[in-house]
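Visitor: Grabbed the feature section from TrEMBL, which reads as follows:
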- 34-56: transmembrane segment (TRANSMEM)
- 68-92: transmembrane segment (TRANSMEM)
- 125-148: transmembrane segment (TRANSMEM)
- 160-185: transmembrane segment (TRANSMEM)
- 197-217: transmembrane segment (TRANSMEM)
- 229-251: transmembrane segment (TRANSMEM)
- 343-367: region 'Disordered' (REGION)
- 346-367: compositional bias 'Polar residues' (COMPBIAS)
Amino acid sequence: PGGAGAAAGGAGPDGGSLAGGGETFGDRSLSQGLSVLVGLGLCVTMLGLGCAVELGQLGQQLRRPVGLLLALLGQFVAMPLLAFLLALIFALDEVAAVAVLLCGCCPGGNLSNLMSVLVDGDMNLSIIMTASSTLLALFLMPLCLWIYSRHWINTAVVQLLPLGAVSLTLGSTLLPIGLGVLIRYRHPRAADLLVKISLWSLLVTLVVLFILTGTMLGPDLLSQIPASVYAIAVLMPLAGYALGYGLATIFKMPPHCRRTVSLETGCQNVQLCTAILKLTFSPELIGSMYMFPLLYALFQSAEAGLFVLAYKMYGKDSDKQDALGEEEDTDISYKKLKEEEVADTSYGTVTTEEHNSIQMEPTQTVL
(Lines of atoms letter the chains of each structure in order from A and count residues from 1; the text may use other names and numbers.)
(Lines give C-alpha, C1' and ligand atoms only; values in the text may rest on other atoms or scores of the structure.)
Protein backbone atom coordinates (compact mmCIF):
# COMPACT_ATOMS: atom_id res chain seq x y z
CA PRO A 1 0.00 0.00 0.00
CA GLY A 2 2.79 2.39 0.76
CA GLY A 3 4.37 1.86 -2.66
CA ALA A 4 1.03 2.32 -4.32
CA GLY A 5 0.48 5.56 -2.46
CA ALA A 6 3.85 6.82 -3.60
CA ALA A 7 3.13 5.85 -7.15
CA ALA A 8 -0.23 7.53 -6.97
CA GLY A 9 1.39 10.75 -5.91
CA GLY A 10 3.00 11.35 -9.28
CA ALA A 11 1.23 13.98 -11.32
CA GLY A 12 0.33 13.57 -14.97
CA PRO A 13 1.10 16.30 -17.49
CA ASP A 14 -2.43 17.61 -17.77
CA GLY A 15 -4.52 15.45 -15.53
CA GLY A 16 -2.64 16.41 -12.41
CA SER A 17 -2.91 14.27 -9.34
CA LEU A 18 -5.55 13.84 -6.75
CA ALA A 19 -3.07 12.23 -4.41
CA GLY A 20 -2.76 13.71 -1.01
CA GLY A 21 -4.81 13.75 2.11
CA GLY A 22 -3.85 10.15 2.80
CA GLU A 23 -2.52 11.12 6.19
CA THR A 24 -5.90 12.58 7.12
CA PHE A 25 -7.76 9.50 5.94
CA GLY A 26 -5.16 7.37 7.70
CA ASP A 27 -6.64 8.50 11.01
CA ARG A 28 -8.40 5.35 12.17
CA SER A 29 -11.30 7.03 13.95
CA LEU A 30 -12.14 9.27 11.00
CA SER A 31 -11.69 6.42 8.53
CA GLN A 32 -13.90 4.07 10.52
CA GLY A 33 -16.54 6.76 11.01
CA LEU A 34 -16.71 7.43 7.28
CA SER A 35 -16.85 3.69 6.56
CA VAL A 36 -19.83 3.27 8.88
CA LEU A 37 -21.61 6.30 7.38
CA VAL A 38 -21.01 5.12 3.82
CA GLY A 39 -22.09 1.55 4.62
CA LEU A 40 -25.29 2.59 6.37
CA GLY A 41 -26.18 5.08 3.66
CA LEU A 42 -25.69 2.45 0.96
CA CYS A 43 -27.81 -0.12 2.83
CA VAL A 44 -30.70 2.34 3.30
CA THR A 45 -30.51 3.35 -0.37
CA MET A 46 -30.58 -0.26 -1.58
CA LEU A 47 -33.42 -1.08 0.83
CA GLY A 48 -35.44 1.81 -0.63
CA LEU A 49 -34.70 0.58 -4.15
CA GLY A 50 -36.01 -2.88 -3.26
CA CYS A 51 -39.14 -1.36 -1.68
CA ALA A 52 -39.86 0.42 -4.97
CA VAL A 53 -39.89 -2.81 -6.99
CA GLU A 54 -43.17 -4.67 -7.42
CA LEU A 55 -43.05 -8.32 -8.45
CA GLY A 56 -45.90 -7.86 -10.94
CA GLN A 57 -44.05 -5.07 -12.74
CA LEU A 58 -40.86 -7.12 -12.69
CA GLY A 59 -42.67 -10.00 -14.39
CA GLN A 60 -44.03 -7.69 -17.09
CA GLN A 61 -40.57 -6.27 -17.77
CA LEU A 62 -39.07 -9.75 -18.03
CA ARG A 63 -41.67 -10.68 -20.63
CA ARG A 64 -40.87 -7.50 -22.59
CA PRO A 65 -37.37 -6.59 -21.39
CA VAL A 66 -36.96 -3.15 -22.99
CA GLY A 67 -36.01 -1.58 -19.66
CA LEU A 68 -33.46 -4.32 -19.00
CA LEU A 69 -31.91 -3.84 -22.43
CA LEU A 70 -31.73 -0.05 -22.04
CA ALA A 71 -30.15 -0.42 -18.59
CA LEU A 72 -27.56 -2.78 -20.07
CA LEU A 73 -26.70 -0.49 -22.99
CA GLY A 74 -26.75 2.74 -20.99
CA GLN A 75 -24.96 1.72 -17.80
CA PHE A 76 -22.49 -0.90 -19.01
CA VAL A 77 -21.79 0.08 -22.61
CA ALA A 78 -22.26 3.84 -23.02
CA MET A 79 -21.17 5.15 -19.60
CA PRO A 80 -17.98 3.05 -19.10
CA LEU A 81 -16.86 3.90 -22.64
CA LEU A 82 -17.61 7.57 -22.01
CA ALA A 83 -15.59 7.54 -18.76
CA PHE A 84 -12.67 5.84 -20.50
CA LEU A 85 -12.65 8.31 -23.39
CA LEU A 86 -12.84 11.32 -21.07
CA ALA A 87 -9.94 9.98 -18.99
CA LEU A 88 -7.88 9.62 -22.17
CA ILE A 89 -8.86 12.99 -23.65
CA PHE A 90 -7.97 14.85 -20.45
CA ALA A 91 -4.80 12.76 -19.94
CA LEU A 92 -5.63 11.84 -16.34
CA ASP A 93 -3.09 10.06 -14.19
CA GLU A 94 -3.86 6.55 -12.97
CA VAL A 95 -5.40 7.68 -9.66
CA ALA A 96 -7.95 10.05 -11.18
CA ALA A 97 -8.58 7.63 -14.09
CA VAL A 98 -9.51 4.80 -11.72
CA ALA A 99 -11.92 7.08 -9.85
CA VAL A 100 -13.56 8.18 -13.12
CA LEU A 101 -13.79 4.59 -14.38
CA LEU A 102 -15.33 3.39 -11.12
CA CYS A 103 -17.99 6.08 -11.33
CA GLY A 104 -18.66 5.38 -15.01
CA CYS A 105 -19.06 1.63 -14.43
CA CYS A 106 -21.53 2.04 -11.53
CA PRO A 107 -25.22 1.19 -11.98
CA GLY A 108 -27.98 3.78 -11.96
CA GLY A 109 -28.79 5.65 -8.77
CA ASN A 110 -31.96 6.49 -6.88
CA LEU A 111 -31.69 10.17 -7.81
CA SER A 112 -33.04 9.26 -11.25
CA ASN A 113 -36.25 7.90 -9.70
CA LEU A 114 -36.91 11.18 -7.92
CA MET A 115 -36.11 13.26 -11.01
CA SER A 116 -38.32 11.05 -13.20
CA VAL A 117 -41.27 11.97 -11.01
CA LEU A 118 -40.52 15.68 -11.46
CA VAL A 119 -40.43 15.42 -15.28
CA ASP A 120 -43.59 13.26 -15.50
CA GLY A 121 -41.56 10.25 -16.61
CA ASP A 122 -42.40 6.55 -16.59
CA MET A 123 -41.80 5.53 -12.98
CA ASN A 124 -42.15 1.81 -13.64
CA LEU A 125 -39.48 2.02 -16.34
CA SER A 126 -37.24 4.13 -14.08
CA ILE A 127 -37.41 1.70 -11.16
CA ILE A 128 -36.94 -1.38 -13.33
CA MET A 129 -33.90 0.19 -15.04
CA THR A 130 -32.32 1.10 -11.69
CA ALA A 131 -32.97 -2.34 -10.20
CA SER A 132 -31.82 -4.16 -13.35
CA SER A 133 -28.58 -2.22 -13.63
CA THR A 134 -27.87 -2.82 -9.93
CA LEU A 135 -28.26 -6.59 -10.35
CA LEU A 136 -26.29 -6.64 -13.61
CA ALA A 137 -23.50 -4.67 -11.92
CA LEU A 138 -22.64 -7.73 -9.84
CA PHE A 139 -21.06 -9.29 -12.95
CA LEU A 140 -20.64 -6.48 -15.45
CA MET A 141 -19.06 -3.78 -13.27
CA PRO A 142 -15.90 -5.82 -12.47
CA LEU A 143 -15.74 -6.87 -16.13
CA CYS A 144 -15.94 -3.26 -17.36
CA LEU A 145 -13.30 -2.17 -14.83
CA TRP A 146 -10.98 -4.96 -15.96
CA ILE A 147 -11.46 -4.09 -19.65
CA TYR A 148 -11.05 -0.31 -19.43
CA SER A 149 -8.23 -0.26 -16.86
CA ARG A 150 -5.92 -2.07 -19.34
CA HIS A 151 -4.56 1.30 -20.50
CA TRP A 152 -3.11 1.91 -17.03
CA ILE A 153 -2.24 -1.72 -16.26
CA ASN A 154 1.44 -1.02 -15.57
CA THR A 155 0.65 1.44 -12.77
CA ALA A 156 0.59 0.41 -9.12
CA VAL A 157 -2.97 1.63 -8.55
CA VAL A 158 -4.48 -0.54 -11.29
CA GLN A 159 -2.43 -3.54 -10.24
CA LEU A 160 -4.00 -3.17 -6.80
CA LEU A 161 -7.52 -2.64 -8.19
CA PRO A 162 -9.52 -5.00 -5.94
CA LEU A 163 -11.99 -6.55 -8.38
CA GLY A 164 -12.83 -9.28 -5.88
CA ALA A 165 -13.63 -6.71 -3.20
CA VAL A 166 -15.73 -4.76 -5.72
CA SER A 167 -17.77 -7.91 -6.41
CA LEU A 168 -18.11 -8.56 -2.67
CA THR A 169 -19.37 -5.01 -2.05
CA LEU A 170 -21.86 -5.35 -4.90
CA GLY A 171 -23.00 -8.74 -3.60
CA SER A 172 -23.64 -7.26 -0.17
CA THR A 173 -26.21 -4.88 -1.71
CA LEU A 174 -28.41 -7.80 -2.78
CA LEU A 175 -29.56 -8.50 0.79
CA PRO A 176 -31.20 -5.08 1.43
CA ILE A 177 -32.67 -5.11 -2.10
CA GLY A 178 -34.22 -8.54 -1.49
CA LEU A 179 -35.49 -7.43 1.91
CA GLY A 180 -37.06 -4.35 0.31
CA VAL A 181 -38.85 -6.47 -2.31
CA LEU A 182 -40.21 -8.69 0.49
CA ILE A 183 -41.44 -5.66 2.44
CA ARG A 184 -43.16 -4.31 -0.69
CA TYR A 185 -44.90 -7.68 -1.15
CA ARG A 186 -45.99 -8.06 2.49
CA HIS A 187 -46.41 -4.45 3.69
CA PRO A 188 -46.97 -1.96 0.81
CA ARG A 189 -47.58 1.05 3.10
CA ALA A 190 -44.36 0.47 5.02
CA ALA A 191 -42.54 0.11 1.69
CA ASP A 192 -43.82 3.50 0.53
CA LEU A 193 -42.52 5.09 3.73
CA LEU A 194 -39.11 3.42 3.34
CA VAL A 195 -38.81 4.68 -0.24
CA LYS A 196 -39.25 8.25 0.99
CA ILE A 197 -36.77 7.69 3.82
CA SER A 198 -34.20 6.30 1.38
CA LEU A 199 -34.47 9.35 -0.88
CA TRP A 200 -33.92 11.71 2.05
CA SER A 201 -31.09 9.47 3.25
CA LEU A 202 -29.45 9.77 -0.16
CA LEU A 203 -29.53 13.56 0.02
CA VAL A 204 -28.37 13.80 3.63
CA THR A 205 -25.57 11.26 3.21
CA LEU A 206 -24.14 13.00 0.16
CA VAL A 207 -24.21 16.41 1.86
CA VAL A 208 -22.56 15.07 5.03
CA LEU A 209 -19.91 13.20 3.03
CA PHE A 210 -19.13 16.26 0.95
CA ILE A 211 -18.78 18.48 4.04
CA LEU A 212 -16.70 15.97 6.03
CA THR A 213 -14.44 15.14 3.11
CA GLY A 214 -13.88 18.79 2.24
CA THR A 215 -13.16 19.62 5.86
CA MET A 216 -10.71 16.76 6.37
CA LEU A 217 -8.89 17.20 3.09
CA GLY A 218 -8.68 20.93 3.63
CA PRO A 219 -9.14 23.87 1.26
CA ASP A 220 -5.53 23.64 0.07
CA LEU A 221 -5.97 20.15 -1.35
CA LEU A 222 -9.40 20.97 -2.78
CA SER A 223 -7.88 23.90 -4.64
CA GLN A 224 -5.20 21.60 -6.02
CA ILE A 225 -7.70 19.30 -7.71
CA PRO A 226 -6.93 19.83 -11.39
CA ALA A 227 -9.37 21.61 -13.65
CA SER A 228 -9.58 18.50 -15.83
CA VAL A 229 -11.23 16.56 -12.99
CA TYR A 230 -13.82 19.30 -12.49
CA ALA A 231 -14.39 19.38 -16.27
CA ILE A 232 -15.05 15.63 -16.37
CA ALA A 233 -17.38 15.88 -13.37
CA VAL A 234 -19.38 18.47 -15.35
CA LEU A 235 -19.27 16.82 -18.79
CA MET A 236 -19.80 13.18 -17.84
CA PRO A 237 -23.36 13.40 -16.44
CA LEU A 238 -24.35 15.86 -19.17
CA ALA A 239 -23.09 13.50 -21.88
CA GLY A 240 -24.82 10.60 -20.07
CA TYR A 241 -28.18 12.40 -20.22
CA ALA A 242 -27.69 13.03 -23.95
CA LEU A 243 -26.67 9.41 -24.63
CA GLY A 244 -29.70 8.10 -22.75
CA TYR A 245 -32.07 10.33 -24.68
CA GLY A 246 -30.45 9.18 -27.92
CA LEU A 247 -30.86 5.51 -26.97
CA ALA A 248 -34.55 6.00 -26.18
CA THR A 249 -35.01 7.83 -29.49
CA ILE A 250 -33.42 4.94 -31.38
CA PHE A 251 -35.91 2.60 -29.68
CA LYS A 252 -38.72 4.98 -30.78
CA MET A 253 -40.01 5.47 -27.25
CA PRO A 254 -42.56 8.19 -26.36
CA PRO A 255 -41.32 11.52 -24.94
CA HIS A 256 -41.97 10.71 -21.26
CA CYS A 257 -39.97 7.47 -21.62
CA ARG A 258 -37.13 9.31 -23.36
CA ARG A 259 -36.84 11.67 -20.41
CA THR A 260 -36.80 8.69 -18.06
CA VAL A 261 -34.06 6.82 -19.93
CA SER A 262 -32.04 10.02 -20.19
CA LEU A 263 -32.04 10.52 -16.41
CA GLU A 264 -31.41 6.84 -15.74
CA THR A 265 -28.31 6.84 -17.93
CA GLY A 266 -26.72 10.03 -16.59
CA CYS A 267 -27.45 9.47 -12.88
CA GLN A 268 -24.89 7.09 -11.36
CA ASN A 269 -25.04 5.39 -7.97
CA VAL A 270 -22.38 7.62 -6.41
CA GLN A 271 -23.04 6.13 -2.97
CA LEU A 272 -21.96 2.73 -4.30
CA CYS A 273 -18.91 4.30 -5.94
CA THR A 274 -17.98 6.06 -2.70
CA ALA A 275 -18.46 2.83 -0.73
CA ILE A 276 -16.20 0.89 -3.09
CA LEU A 277 -13.49 3.57 -2.89
CA LYS A 278 -13.74 3.75 0.89
CA LEU A 279 -14.14 0.07 1.71
CA THR A 280 -11.81 -1.56 -0.82
CA PHE A 281 -8.82 0.79 -1.16
CA SER A 282 -6.14 1.48 1.41
CA PRO A 283 -6.25 4.78 3.37
CA GLU A 284 -3.06 5.90 1.61
CA LEU A 285 -4.97 5.97 -1.66
CA ILE A 286 -8.46 6.98 -0.57
CA GLY A 287 -7.64 10.66 -0.10
CA SER A 288 -6.53 10.90 -3.70
CA MET A 289 -9.63 9.33 -5.23
CA TYR A 290 -12.42 10.16 -2.84
CA MET A 291 -13.58 13.49 -4.21
CA PHE A 292 -14.56 12.57 -7.76
CA PRO A 293 -17.82 10.69 -7.01
CA LEU A 294 -18.84 13.52 -4.69
CA LEU A 295 -18.11 16.09 -7.39
CA TYR A 296 -20.02 13.93 -9.85
CA ALA A 297 -22.96 13.78 -7.43
CA LEU A 298 -22.93 17.55 -7.11
CA PHE A 299 -22.95 18.22 -10.85
CA GLN A 300 -25.32 15.39 -11.82
CA SER A 301 -27.84 16.79 -9.32
CA ALA A 302 -27.38 20.37 -10.56
CA GLU A 303 -27.73 19.37 -14.22
CA ALA A 304 -30.73 17.14 -13.50
CA GLY A 305 -32.26 20.12 -11.68
CA LEU A 306 -31.75 22.26 -14.78
CA PHE A 307 -33.33 19.47 -16.83
CA VAL A 308 -36.39 19.53 -14.55
CA LEU A 309 -36.56 23.34 -14.65
CA ALA A 310 -36.42 23.39 -18.44
CA TYR A 311 -39.18 20.80 -18.62
CA LYS A 312 -41.39 22.72 -16.19
CA MET A 313 -40.93 25.92 -18.20
CA TYR A 314 -41.09 24.64 -21.78
CA GLY A 315 -41.68 20.90 -21.95
CA LYS A 316 -45.14 20.67 -20.44
CA ASP A 317 -46.73 22.80 -23.16
CA SER A 318 -45.41 20.57 -25.93
CA ASP A 319 -46.53 17.48 -24.04
CA LYS A 320 -50.02 18.95 -23.68
CA GLN A 321 -50.15 19.69 -27.41
CA ASP A 322 -49.07 16.13 -28.19
CA ALA A 323 -51.70 14.78 -25.82
CA LEU A 324 -54.33 17.08 -27.33
CA GLY A 325 -53.40 15.90 -30.80
CA GLU A 326 -53.77 12.30 -29.71
CA GLU A 327 -57.19 13.08 -28.21
CA GLU A 328 -58.30 14.80 -31.42
CA ASP A 329 -57.19 11.80 -33.44
CA THR A 330 -59.06 9.55 -31.07
CA ASP A 331 -62.23 11.68 -31.34
CA ILE A 332 -62.04 11.70 -35.14
CA SER A 333 -61.56 7.96 -35.32
CA TYR A 334 -64.35 7.49 -32.79
CA LYS A 335 -66.72 9.64 -34.88
CA LYS A 336 -65.81 7.69 -38.01
CA LEU A 337 -66.39 4.45 -36.16
CA LYS A 338 -69.84 5.62 -34.98
CA GLU A 339 -70.79 6.69 -38.50
CA GLU A 340 -69.73 3.30 -39.82
CA GLU A 341 -71.75 1.59 -37.09
CA VAL A 342 -74.80 3.67 -38.00
CA ALA A 343 -74.36 2.83 -41.65
CA ASP A 344 -73.89 -0.84 -40.89
CA THR A 345 -76.96 -0.82 -38.66
CA SER A 346 -79.19 0.84 -41.26
CA TYR A 347 -77.96 -1.46 -44.00
CA GLY A 348 -80.23 -4.45 -44.32
CA THR A 349 -82.69 -3.24 -41.68
CA VAL A 350 -86.11 -4.73 -42.06
CA THR A 351 -88.88 -2.11 -41.97
CA THR A 352 -92.43 -2.74 -40.86
CA GLU A 353 -93.74 -2.74 -44.43
CA GLU A 354 -91.02 -5.12 -45.55
CA HIS A 355 -91.76 -7.35 -42.61
CA ASN A 356 -95.50 -7.44 -43.49
CA SER A 357 -94.74 -8.23 -47.09
CA ILE A 358 -92.47 -11.04 -46.06
CA GLN A 359 -95.18 -12.46 -43.83
CA MET A 360 -97.82 -12.19 -46.61
CA GLU A 361 -95.79 -14.14 -49.11
CA PRO A 362 -95.90 -17.46 -47.30
CA THR A 363 -99.68 -16.92 -46.63
CA GLN A 364 -100.37 -16.48 -50.33
CA THR A 365 -98.31 -19.54 -51.11
CA VAL A 366 -100.34 -21.66 -48.70
CA LEU A 367 -103.55 -20.48 -50.19
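Along the chain as shown, the residues are counted starting at 1.
Positions of Cβ are set from backbone N, Cα and C atoms, glycine also.
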Visitor: Checking distant contacts: for the transmembrane segment (34-56), what same-chain residues at least six beyond its ends satisfy Cβ-Cβ under 8 A?
Guide: 25, 109-110, 113, 127-128, 130-131, 134, 173, 176-185, 191-192, 194-195, 197-199, 201-202, 205, 208-209, 212-213, 269, 271-272, 274-275, 278-279
Visitor: Give residue numbers and ranges for long-range contacts of the transmembrane segment (68-92): same chain, 6 or more residues beyond its ends, CB-CB under 8 A.
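Guide: Result: 12-15, 61-62, 100-101, 103-108, 128-130, 132-133, 136-137, 140-141, 144, 147-148, 151, 228-229, 231-232, 235-236, 239-240, 243-244, 247-248, 251, 261, 264-265, 268.
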